[in-house]
Amino acid sequence: MVCVPYLLLLLLPPLLRVSADTTEPCELDDDDFRCVCNFTDPKPDWSSAVQCMVAVEVEISGGGRSLEQFLKGADTNPKQYADTIKALRVRRLKLGAAQVPAQLLVAVLRALGYSRLKELTLEDLEVTGPMPPKPLEATGPAFTTLSLRNVSWATGGAWLGELQQWLKPGLRVLNIAQAHSLAFPCAGLSTFEALTTLDLSDNPSLGDTGLMAALCPNKFPALQCLALRNAGMDKLSGVCAALAAARVQPQSLDLSHNSLRVTAPGATRCVWPSALRSLNLSFAGLEQVPKGLPPKLSVLDLSCNKLSREPRRDELPEVNDLTLDGNPFLDPGALQRQNDPMISGVVPACARSALTMGVSGALALLQGARGFA
Ligand SMILES: *[C@@H]1O[C@H](CO)[C@@H](O)[C@H](O)[C@H]1NC(C)=O
Ligand SMILES: *[C@@H]1O[C@H](CO)[C@@H](O)[C@H](O)[C@H]1NC(C)=O
Ligand SMILES: *[C@@H]1O[C@H](CO)[C@@H](O)[C@H](O)[C@H]1NC(C)=O
């Protein structure tokens, strides 16, 4: 794939002539830190990628093309290049805009197994064909962070389990946005022993039933942060039920940018994870504080909603750090700005400033600063 030449071209003798007069698809910054390649040209000069050898951050865009042509190199055993790959400085790699045979993707993952890459991002990729069968030993890379955005797989929902087989365990952060399928067959998934952050934001058609299918029970035992921004959640009770079914114990749950409905009276009550300390309900279109919130929280963000009066203490859970800015009762212009993105683009509509109850100012400041971090 784009990255095979990147990885393999590095192995060519450094006499590769780089012509100075044509614009090159790859650009390395002055600090030898970041290298960006964009192979949009119909006949791209792949060898330009050689200069990325020294970079720590590498970003490669395949210009939307199919990378089938690199399949013939995919059988090469990367072991013979192990030392060279190990010497690469790359820690963050982003691959995007291409059609990639699964076999090639696996070849790249095997090669990366010798690298010291920490973060891999795949974006706008169409992975074609079946994934090769499970390797005998885990040869793949030991990433800490894997991010996928708009990646489609020929194998439907089974993709995560299949991909997981090619990675060493130890993944700590998994981000999956604009997924084509999050309905994972749980039997095919191994436990993510070390995963502390799961971000399924920007999957507007997920919904709470989709969440139930994505969160395979007992597969995320170390989960601390779950982000479901803009993920089609509409009922708190549905989210709560999905968390309970999956037996996850997140400390922090981000439900911002979902249109949350106020739970209908008589809806079944759910017990929230006992570890839950921080809940983000900002930009949720709430006209009143929803019922059925966890009884005790450290942080509750209700900013940028449609609350027309200050919530009474008995409507709120016990909370240290409560954010209410950007609600009409505090800021009459807020509603208009929420409804008109043109205006909110100009005015910092919902700038965060912690409005705290029952904590010292210093603690509030600290928590506010953490919110920005
Ligand atoms: C690559 O170049 C094309 C055409 O110049 C441009 O449309 C595209 O946004 C670029 N992609 C990246 C990732 O920079
Ligand atoms: C998603 O990726 C495909 C390529 O696989 C691309 O054609 C499409 O434009 C991307 N969609 C978005 C919303 O970026
Ligand atoms: C809640 O989410 C909003 C929007 O996603 C973000 O701007 C804000 O910082 C979050 N609040 C906290 C307490 O993390």
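Note: Cβ is positioned from N, Cα and C throughout, glycine not excepted.
What TrEMBL annotates here:
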- C26-C37: disulfide bond (DISULFID)
- C35-C52: disulfide bond (DISULFID)
- C186-C216: disulfide bond (DISULFID)
- C240-C270: disulfide bond (DISULFID)
- 1-20: signal peptide (SIGNAL)
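On the structure: features taken from TrEMBL.
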residue : record         : CB count, 10 Å
C26     : disulfide bond : 24
C35     : disulfide bond : 23
C37     : disulfide bond : 27
C52     : disulfide bond : 28
C186    : disulfide bond : 16
C216    : disulfide bond : 21
C240    : disulfide bond : 23
C270    : disulfide bond : 18
What's the CA-CA gap between C26 (disulfide bond) and C240 (disulfide bond) in angstrom, rounded?
47
Which disulfide-bonded residues (C37, C216, C270) fall within 10 Å of C52 (disulfide bond) by Cα distance?
C37
May I ask which of the disulfide-bonded residues C35, C37, C186, C216 is closest to C270 (disulfide bond) if we compare their C-alpha atoms?
C216
Sort C37 (disulfide bond) into helix, strand or coil using the DSSP assignment.
strand
